[in-house]
Amino acid sequence: MKFFDEARIEVIAGDGGNGAATFRREKYIPMGGPDGGDGGKGGDVYAVGDRNLNTLIDFRYKRTFLAERGENGRGADCYGKGGNDIELRMPVGTIVSLQETGEIIADLDHDGKRVLIAKGGRGGLGNLHFKTSTNRAPRKKTMGQEGERKSLNLELKVLADVGLLGMPNAGKSTFIRAVSSAKPKVADYPFTTLAPNLGVVRTSENRSFVIADIPGLIEGAADGAGLGHQFLRHLQRTHILLHIVDLAPFDPEADPVHDAHAIVEELRKYDESLYQKRRWLVLNKLDLIPDEDERKERIAAFLDAYGPIERHFEVSAISRQGCQEVVFAIQDLLDEEKAAAQAAADAAALEAAATPDFEAADDDIPTDDADDEDYEDEDDDENRNP
Ligand SMILES: Nc1nc2c(ncn2[C@@H]2O[C@H](COP(=O)(O)OP(=O)(O)OP(=O)(O)O)[C@@H](O)[C@H]2O)c(=O)[nH]1
Ligand SMILES: [Mg+2]
(Lines of atoms letter the chains of each structure in order from A and count residues from 1; the text may use other names and numbers.)
(Lines give C-alpha, C1' and ligand atoms only; values in the text may rest on other atoms or scores of the structure.)
(Ligands and ions follow the chains in the order given, each with its own letter.)
Protein backbone atom coordinates (compact mmCIF):
# COMPACT_ATOMS: atom_id res chain seq x y z
CA MET A 1 0.00 0.00 0.00
CA LYS A 2 1.30 3.43 -0.83
CA PHE A 3 2.06 5.67 2.12
CA PHE A 4 0.34 9.02 2.41
CA ASP A 5 1.07 11.46 5.15
CA GLU A 6 -0.83 14.47 3.84
CA ALA A 7 -4.36 15.12 2.68
CA ARG A 8 -6.77 17.99 2.18
CA ILE A 9 -10.40 17.42 2.96
CA GLU A 10 -13.70 19.23 3.27
CA VAL A 11 -15.98 18.51 6.21
CA ILE A 12 -19.54 19.67 6.39
CA ALA A 13 -21.56 19.15 9.53
CA GLY A 14 -25.31 18.63 9.22
CA ASP A 15 -27.69 21.59 9.13
CA GLY A 16 -30.23 21.80 11.90
CA GLY A 17 -33.81 20.92 10.95
CA ASN A 18 -36.34 23.76 10.82
CA GLY A 19 -38.86 24.39 13.53
CA ALA A 20 -42.49 23.91 12.56
CA ALA A 21 -45.34 26.41 12.83
CA THR A 22 -48.45 24.30 13.11
CA PHE A 23 -51.63 24.41 15.13
CA ARG A 24 -53.54 21.76 16.89
CA ARG A 25 -56.62 20.80 14.87
CA GLU A 26 -59.00 18.40 16.52
CA LYS A 27 -62.68 17.92 16.36
CA TYR A 28 -64.54 19.93 19.04
CA ILE A 29 -61.36 21.74 20.02
CA PRO A 30 -61.43 25.11 18.39
CA MET A 31 -58.41 27.29 18.79
CA GLY A 32 -56.13 24.34 19.45
CA GLY A 33 -53.06 26.48 19.91
CA PRO A 34 -49.57 26.13 18.47
CA ASP A 35 -48.04 22.66 18.39
CA GLY A 36 -45.07 22.96 15.98
CA GLY A 37 -42.06 21.01 17.23
CA ASP A 38 -38.39 21.93 17.03
CA GLY A 39 -36.07 20.81 14.28
CA GLY A 40 -33.41 18.21 15.13
CA LYS A 41 -29.76 19.11 15.55
CA GLY A 42 -27.48 18.49 12.57
CA GLY A 43 -24.87 15.73 12.87
CA ASP A 44 -21.35 16.61 14.08
CA VAL A 45 -18.08 15.57 12.45
CA TYR A 46 -15.39 14.07 14.70
CA ALA A 47 -11.77 13.10 14.08
CA VAL A 48 -10.67 9.99 15.96
CA GLY A 49 -7.12 8.66 16.45
CA ASP A 50 -6.83 4.99 15.52
CA ARG A 51 -3.62 3.06 16.13
CA ASN A 52 -4.58 0.45 13.55
CA LEU A 53 -4.14 2.94 10.73
CA ASN A 54 -0.76 4.11 9.56
CA THR A 55 -1.48 6.25 6.53
CA LEU A 56 -3.93 8.93 5.43
CA ILE A 57 -4.67 7.05 2.22
CA ASP A 58 -8.39 6.90 3.00
CA PHE A 59 -8.52 10.66 2.54
CA ARG A 60 -6.87 10.67 -0.86
CA TYR A 61 -9.84 9.39 -2.78
CA LYS A 62 -12.87 10.50 -0.82
CA ARG A 63 -12.39 14.09 0.18
CA THR A 64 -15.73 15.50 1.22
CA PHE A 65 -17.41 14.29 4.36
CA LEU A 66 -20.93 15.27 5.12
CA ALA A 67 -22.87 14.63 8.32
CA GLU A 68 -26.62 14.18 8.27
CA ARG A 69 -29.08 17.04 8.46
CA GLY A 70 -31.48 17.22 11.40
CA GLU A 71 -35.10 16.47 10.57
CA ASN A 72 -37.61 19.29 10.51
CA GLY A 73 -40.00 19.60 13.41
CA ARG A 74 -43.62 18.62 12.74
CA GLY A 75 -47.07 19.29 14.02
CA ALA A 76 -48.56 17.67 17.12
CA ASP A 77 -45.47 18.60 19.19
CA CYS A 78 -43.23 16.34 17.16
CA TYR A 79 -39.54 17.18 17.40
CA GLY A 80 -37.30 16.41 14.44
CA LYS A 81 -34.76 13.65 14.88
CA GLY A 82 -31.12 14.74 15.20
CA GLY A 83 -28.80 13.94 12.27
CA ASN A 84 -26.26 11.15 12.85
CA ASP A 85 -22.70 12.21 13.72
CA ILE A 86 -19.82 10.93 11.62
CA GLU A 87 -16.37 9.88 12.77
CA LEU A 88 -13.32 10.16 10.55
CA ARG A 89 -10.72 7.64 11.74
CA MET A 90 -7.12 8.78 11.25
CA PRO A 91 -3.74 7.38 12.27
CA VAL A 92 -2.41 8.36 15.68
CA GLY A 93 -0.07 11.33 15.12
CA THR A 94 -2.39 13.11 12.68
CA ILE A 95 -2.67 16.87 13.05
CA VAL A 96 -5.80 18.55 11.71
CA SER A 97 -5.55 22.23 10.83
CA LEU A 98 -7.60 24.86 9.03
CA GLN A 99 -6.45 25.41 5.46
CA GLU A 100 -7.10 29.13 5.67
CA THR A 101 -5.18 30.08 8.79
CA GLY A 102 -3.14 27.01 9.63
CA GLU A 103 -4.72 26.93 13.08
CA ILE A 104 -4.48 23.46 14.60
CA ILE A 105 -7.87 22.18 15.66
CA ALA A 106 -6.98 18.60 16.57
CA ASP A 107 -3.81 16.75 17.46
CA LEU A 108 -4.63 13.05 17.61
CA ASP A 109 -1.74 12.12 19.83
CA HIS A 110 -3.17 8.94 21.32
CA ASP A 111 -5.34 6.05 20.31
CA GLY A 112 -9.05 6.73 20.71
CA LYS A 113 -8.70 10.53 21.03
CA ARG A 114 -11.90 12.05 19.66
CA VAL A 115 -12.12 15.70 18.69
CA LEU A 116 -15.08 17.66 17.33
CA ILE A 117 -13.97 19.23 14.05
CA ALA A 118 -17.26 20.55 12.65
CA LYS A 119 -20.34 21.20 14.70
CA GLY A 120 -23.83 20.44 13.47
CA GLY A 121 -26.34 23.31 13.32
CA ARG A 122 -28.88 23.75 16.10
CA GLY A 123 -32.42 22.81 15.23
CA GLY A 124 -34.89 25.66 14.75
CA LEU A 125 -37.62 26.33 17.29
CA GLY A 126 -41.20 25.36 16.64
CA ASN A 127 -44.01 27.85 17.22
CA LEU A 128 -45.01 26.29 20.51
CA HIS A 129 -42.08 28.22 22.03
CA PHE A 130 -43.54 31.56 20.98
CA LYS A 131 -46.85 31.44 22.72
CA THR A 132 -47.30 34.37 25.08
CA SER A 133 -50.22 35.81 26.99
CA THR A 134 -50.79 38.35 24.24
CA ASN A 135 -50.03 36.16 21.24
CA ARG A 136 -51.80 32.83 21.62
CA ALA A 137 -51.43 31.85 17.98
CA PRO A 138 -47.86 32.66 16.98
CA ARG A 139 -46.79 31.85 13.47
CA LYS A 140 -43.21 32.38 14.40
CA LYS A 141 -40.73 29.56 14.02
CA THR A 142 -36.98 29.55 13.51
CA MET A 143 -34.98 27.89 10.80
CA GLY A 144 -32.30 25.38 11.60
CA GLN A 145 -28.76 26.72 11.86
CA GLU A 146 -26.28 25.77 9.16
CA GLY A 147 -23.75 23.10 10.01
CA GLU A 148 -20.12 24.20 10.17
CA ARG A 149 -18.16 23.73 6.99
CA LYS A 150 -14.36 23.56 7.06
CA SER A 151 -11.50 23.04 4.65
CA LEU A 152 -8.86 21.08 6.49
CA ASN A 153 -5.29 19.95 6.11
CA LEU A 154 -4.41 16.58 7.56
CA GLU A 155 -0.81 15.89 8.32
CA LEU A 156 0.57 12.73 9.81
CA LYS A 157 3.67 13.10 11.93
CA VAL A 158 4.52 9.78 13.46
CA LEU A 159 5.03 9.79 17.19
CA ALA A 160 8.38 8.37 18.17
CA ASP A 161 10.96 9.17 20.85
CA VAL A 162 13.94 8.68 18.58
CA GLY A 163 14.35 9.37 14.88
CA LEU A 164 16.97 7.85 12.59
CA LEU A 165 18.63 10.12 10.11
CA GLY A 166 21.13 9.27 7.42
CA MET A 167 22.08 8.72 3.81
CA PRO A 168 20.49 5.89 1.87
CA ASN A 169 22.33 2.64 2.61
CA ALA A 170 23.82 3.97 5.86
CA GLY A 171 22.21 1.10 7.72
CA LYS A 172 19.21 2.78 9.38
CA SER A 173 16.86 -0.12 8.77
CA THR A 174 19.54 -2.60 9.80
CA PHE A 175 19.95 -0.64 13.03
CA ILE A 176 16.24 -0.62 13.86
CA ARG A 177 16.14 -4.35 13.17
CA ALA A 178 19.07 -4.85 15.52
CA VAL A 179 17.54 -2.99 18.45
CA SER A 180 13.77 -3.27 18.12
CA SER A 181 10.93 -5.54 17.22
CA ALA A 182 10.48 -3.86 13.81
CA LYS A 183 11.68 -5.77 10.78
CA PRO A 184 11.81 -3.35 7.84
CA LYS A 185 13.35 -4.37 4.56
CA VAL A 186 17.12 -4.09 4.27
CA ALA A 187 18.91 -4.14 0.92
CA ASP A 188 22.16 -3.00 -0.62
CA TYR A 189 20.61 -0.38 -2.86
CA PRO A 190 19.64 3.19 -1.97
CA PHE A 191 16.06 4.13 -1.06
CA THR A 192 15.03 0.72 0.17
CA THR A 193 12.87 2.35 2.79
CA LEU A 194 9.98 4.34 1.29
CA ALA A 195 7.81 4.97 4.33
CA PRO A 196 8.51 5.39 8.04
CA ASN A 197 8.81 2.27 10.18
CA LEU A 198 8.29 2.37 13.91
CA GLY A 199 9.97 -0.07 16.27
CA VAL A 200 9.56 -0.53 20.00
CA VAL A 201 12.81 -0.90 21.90
CA ARG A 202 12.39 -2.63 25.24
CA THR A 203 15.21 -1.98 27.69
CA SER A 204 13.68 -3.60 30.76
CA GLU A 205 10.36 -5.06 31.79
CA ASN A 206 8.63 -1.71 32.08
CA ARG A 207 10.87 0.66 30.17
CA SER A 208 10.74 1.08 26.44
CA PHE A 209 10.82 3.69 23.74
CA VAL A 210 9.80 4.03 20.12
CA ILE A 211 12.24 4.56 17.31
CA ALA A 212 11.37 5.71 13.77
CA ASP A 213 13.27 4.64 10.67
CA ILE A 214 12.65 6.96 7.73
CA PRO A 215 13.78 6.99 4.10
CA GLY A 216 17.32 8.08 3.36
CA LEU A 217 18.17 11.72 2.76
CA ILE A 218 20.68 13.08 0.25
CA GLU A 219 22.23 16.43 -0.55
CA GLY A 220 19.74 18.62 -2.41
CA ALA A 221 16.72 16.90 -0.81
CA ALA A 222 15.22 20.32 -0.07
CA ASP A 223 15.08 20.84 -3.85
CA GLY A 224 13.58 17.43 -4.46
CA ALA A 225 16.68 15.26 -4.91
CA GLY A 226 16.13 11.61 -4.00
CA LEU A 227 12.81 11.25 -2.22
CA GLY A 228 12.85 14.90 -1.22
CA HIS A 229 12.81 15.91 2.41
CA GLN A 230 9.14 15.75 3.27
CA PHE A 231 9.78 12.66 5.38
CA LEU A 232 11.66 14.82 7.86
CA ARG A 233 8.31 15.83 9.32
CA HIS A 234 8.29 12.44 11.02
CA LEU A 235 11.34 13.44 13.03
CA GLN A 236 9.83 16.71 14.27
CA ARG A 237 8.15 15.26 17.32
CA THR A 238 11.02 13.03 18.43
CA HIS A 239 13.24 13.81 21.45
CA ILE A 240 16.51 12.94 19.82
CA LEU A 241 17.94 12.14 16.41
CA LEU A 242 20.46 9.40 15.72
CA HIS A 243 22.49 10.30 12.70
CA ILE A 244 23.72 7.04 11.20
CA VAL A 245 26.90 7.33 9.16
CA ASP A 246 28.41 4.62 6.97
CA LEU A 247 32.09 4.82 7.86
CA ALA A 248 33.11 2.24 5.25
CA PRO A 249 31.23 3.27 2.12
CA PHE A 250 31.36 0.92 -0.83
CA ASP A 251 32.12 3.76 -3.21
CA PRO A 252 35.80 4.75 -2.72
CA GLU A 253 34.97 8.28 -3.90
CA ALA A 254 32.40 8.83 -1.16
CA ASP A 255 33.33 11.27 1.57
CA PRO A 256 31.46 10.45 4.82
CA VAL A 257 32.28 13.80 6.41
CA HIS A 258 30.99 15.79 3.46
CA ASP A 259 27.84 13.64 3.30
CA ALA A 260 27.20 13.94 7.03
CA HIS A 261 27.49 17.72 6.87
CA ALA A 262 25.23 17.81 3.82
CA ILE A 263 22.52 15.95 5.70
CA VAL A 264 22.69 18.29 8.65
CA GLU A 265 22.40 21.17 6.19
CA GLU A 266 19.24 19.60 4.74
CA LEU A 267 17.82 19.42 8.25
CA ARG A 268 18.44 23.11 8.72
CA LYS A 269 16.76 23.92 5.42
CA TYR A 270 13.72 21.92 6.38
CA ASP A 271 13.18 23.28 9.87
CA GLU A 272 15.41 25.24 12.22
CA SER A 273 14.00 23.53 15.31
CA LEU A 274 14.74 20.13 13.83
CA TYR A 275 18.26 21.33 13.24
CA GLN A 276 18.50 22.43 16.88
CA LYS A 277 17.23 19.12 18.18
CA ARG A 278 19.66 16.94 20.14
CA ARG A 279 21.58 14.79 17.70
CA TRP A 280 24.02 11.95 18.32
CA LEU A 281 26.27 10.30 15.76
CA VAL A 282 26.25 6.56 15.20
CA LEU A 283 29.27 5.47 13.18
CA ASN A 284 28.23 2.26 11.47
CA LYS A 285 29.67 -0.66 9.49
CA LEU A 286 32.82 -0.81 11.58
CA ASP A 287 32.98 -4.56 10.95
CA LEU A 288 34.13 -3.65 7.45
CA ILE A 289 37.33 -2.16 8.88
CA PRO A 290 38.67 -5.22 10.69
CA ASP A 291 42.10 -3.82 11.44
CA GLU A 292 41.87 -2.18 14.84
CA ASP A 293 44.47 0.51 14.26
CA GLU A 294 42.99 1.51 10.94
CA ARG A 295 39.53 1.59 12.49
CA LYS A 296 40.61 3.86 15.32
CA GLU A 297 42.41 6.08 12.89
CA ARG A 298 39.42 6.46 10.60
CA ILE A 299 37.06 7.14 13.47
CA ALA A 300 39.39 9.78 14.86
CA ALA A 301 39.84 11.36 11.45
CA PHE A 302 36.09 11.46 10.90
CA LEU A 303 35.35 13.03 14.29
CA ASP A 304 38.10 15.55 13.83
CA ALA A 305 36.87 16.64 10.42
CA TYR A 306 33.19 16.55 11.42
CA GLY A 307 33.59 18.97 14.32
CA PRO A 308 32.10 19.04 17.80
CA ILE A 309 29.25 16.69 18.61
CA GLU A 310 27.58 15.99 21.94
CA ARG A 311 28.04 12.24 21.74
CA HIS A 312 29.01 9.51 19.32
CA PHE A 313 28.85 5.71 19.19
CA GLU A 314 30.76 3.11 17.26
CA VAL A 315 28.70 0.18 16.03
CA SER A 316 28.15 -2.56 13.53
CA ALA A 317 24.41 -2.73 13.04
CA ILE A 318 24.66 -5.98 11.15
CA SER A 319 26.41 -7.82 13.98
CA ARG A 320 24.72 -5.68 16.67
CA GLN A 321 28.11 -4.81 18.07
CA GLY A 322 27.86 -1.62 20.14
CA CYS A 323 24.10 -1.24 19.57
CA GLN A 324 23.09 -1.98 23.16
CA GLU A 325 25.17 0.95 24.42
CA VAL A 326 23.26 3.29 22.13
CA VAL A 327 19.96 1.92 23.34
CA PHE A 328 20.83 2.27 27.04
CA ALA A 329 22.16 5.78 26.56
CA ILE A 330 18.91 6.79 24.88
CA GLN A 331 16.80 5.19 27.59
CA ASP A 332 18.77 7.06 30.27
CA LEU A 333 18.31 10.32 28.41
CA LEU A 334 14.57 9.79 27.98
CA ASP A 335 14.22 8.83 31.66
CA GLU A 336 16.06 11.99 32.68
CA GLU A 337 13.89 14.14 30.41
CA LYS A 338 10.76 12.55 31.79
CA ALA A 339 11.88 13.10 35.38
CA ALA A 340 12.73 16.73 34.62
CA ALA A 341 9.35 17.30 32.95
CA GLN A 342 7.59 15.70 35.92
CA ALA A 343 9.53 17.87 38.37
CA ALA A 344 8.65 21.00 36.37
CA ALA A 345 4.98 20.01 36.29
CA ASP A 346 4.98 19.38 40.05
CA ALA A 347 6.62 22.73 40.72
CA ALA A 348 4.07 24.51 38.51
CA ALA A 349 1.20 22.74 40.28
CA LEU A 350 2.59 23.76 43.68
CA GLU A 351 2.93 27.36 42.59
CA ALA A 352 -0.60 27.42 41.17
CA ALA A 353 -1.95 26.02 44.45
CA ALA A 354 -0.11 28.72 46.45
CA THR A 355 -1.39 31.68 44.37
CA PRO A 356 -4.98 32.73 45.09
CA ASP A 357 -7.13 32.86 42.00
CA PHE A 358 -8.47 36.42 41.68
CA GLU A 359 -9.74 36.07 38.18
CA ALA A 360 -12.32 33.41 38.88
CA ALA A 361 -14.69 35.91 40.51
CA ASP A 362 -15.79 37.89 37.46
CA ASP A 363 -16.11 34.89 35.19
CA ASP A 364 -19.68 33.90 35.63
CA ILE A 365 -21.66 37.07 35.16
CA PRO A 366 -24.99 36.01 33.69
CA THR A 367 -25.68 37.41 30.26
CA ASP A 368 -28.83 37.65 28.28
CA ASP A 369 -28.39 34.81 25.86
CA ALA A 370 -31.65 35.03 23.97
CA ASP A 371 -30.61 35.44 20.35
CA ASP A 372 -33.77 36.98 19.00
CA GLU A 373 -32.31 37.85 15.62
CA ASP A 374 -32.10 34.21 14.83
CA TYR A 375 -35.65 33.52 13.95
CA GLU A 376 -37.59 34.26 10.84
CA ASP A 377 -41.17 35.22 11.04
CA GLU A 378 -42.76 32.90 8.52
CA ASP A 379 -46.18 33.57 7.19
CA ASP A 380 -47.43 30.14 6.35
CA ASP A 381 -51.06 30.18 5.39
CA GLU A 382 -51.48 26.45 5.64
CA ASN A 383 -50.67 26.43 9.30
CA ARG A 384 -52.80 29.37 10.26
CA ASN A 385 -55.19 28.73 13.06
CA PRO A 386 -58.75 28.82 11.84
N1 LIG B 1 28.87 -4.93 6.74
C2 LIG B 1 27.85 -4.24 7.17
N3 LIG B 1 26.83 -3.99 6.35
C4 LIG B 1 25.79 -3.28 6.84
C5 LIG B 1 25.74 -2.80 8.17
N6 LIG B 1 24.58 -2.13 8.35
C7 LIG B 1 23.93 -2.20 7.18
N8 LIG B 1 24.63 -2.88 6.27
C9 LIG B 1 24.25 -3.18 4.86
O10 LIG B 1 24.06 -1.95 4.20
C11 LIG B 1 23.01 -2.06 3.25
C12 LIG B 1 21.97 -1.00 3.48
O13 LIG B 1 21.37 -1.20 4.74
P14 LIG B 1 19.92 -0.64 5.08
O15 LIG B 1 19.69 -0.94 6.53
O16 LIG B 1 18.91 -1.09 4.10
O17 LIG B 1 20.21 0.91 4.90
P18 LIG B 1 19.18 2.13 5.05
O19 LIG B 1 19.94 3.23 5.70
O20 LIG B 1 17.96 1.68 5.72
O21 LIG B 1 18.93 2.48 3.52
P22 LIG B 1 17.63 3.20 2.83
O23 LIG B 1 16.42 2.53 3.37
O24 LIG B 1 17.84 2.99 1.41
O25 LIG B 1 17.71 4.64 3.23
C26 LIG B 1 22.47 -3.47 3.40
O27 LIG B 1 23.04 -4.28 2.41
C28 LIG B 1 22.92 -3.88 4.78
O29 LIG B 1 23.10 -5.27 4.91
C30 LIG B 1 26.87 -3.09 9.03
O31 LIG B 1 26.94 -2.74 10.18
N32 LIG B 1 27.89 -3.80 8.46
MG1 LIG C 1 16.06 1.64 5.09
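Note: Cβ is positioned from N, Cα and C throughout, glycine not excepted.
The shown structure was predicted, so the numbers you read here are calculated from the model rather than taken from an experiment.
According to TrEMBL, the features are:
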type     : residues                                    : note
BINDING  : 166-173, 191-195, 213-216, 284-287, 316-318 : GTP binding site
BINDING  : SER173, THR193                              : Mg(2+) binding site
COMPBIAS : 359-386                                     : compositional bias 'Acidic residues'
DOMAIN   : 160-335                                     : domain 'OBG-type G'
List nothing but the one residue from ASN169, SER173, THR192, THR193, SER316 whose Cβ has the fewest other Cβ atoms within 10 Å; the candidates are the binding-site residues.
THR192
If H, G and I count as helix, E and B as strand, and all else as coil, what does DSSP give for SER173 (Mg(2+) binding site)?
helix
Applying a 10 Å Cβ distance cut-off over all chains shown, what neighbour count does LYS285 (GTP binding site) have?
21
Would you find the one among the binding-site residues GLY166, LYS172, ALA195, PRO215 whose Cβ has the most company, meaning other Cβ atoms within 10 Å?
LYS172
Near ligand 2, which of the binding-site residues GLY166, THR192, THR193, SER316 have CB less than 6 Å from any of its atoms?
THR192, THR193
List the binding-site residues among GLY166, LYS172, PRO215, LYS285, SER316 whose C-alpha is within 10 Å of the C-alpha of THR193 (Mg(2+) binding site), in sequence order, or say none.
LYS172, PRO215
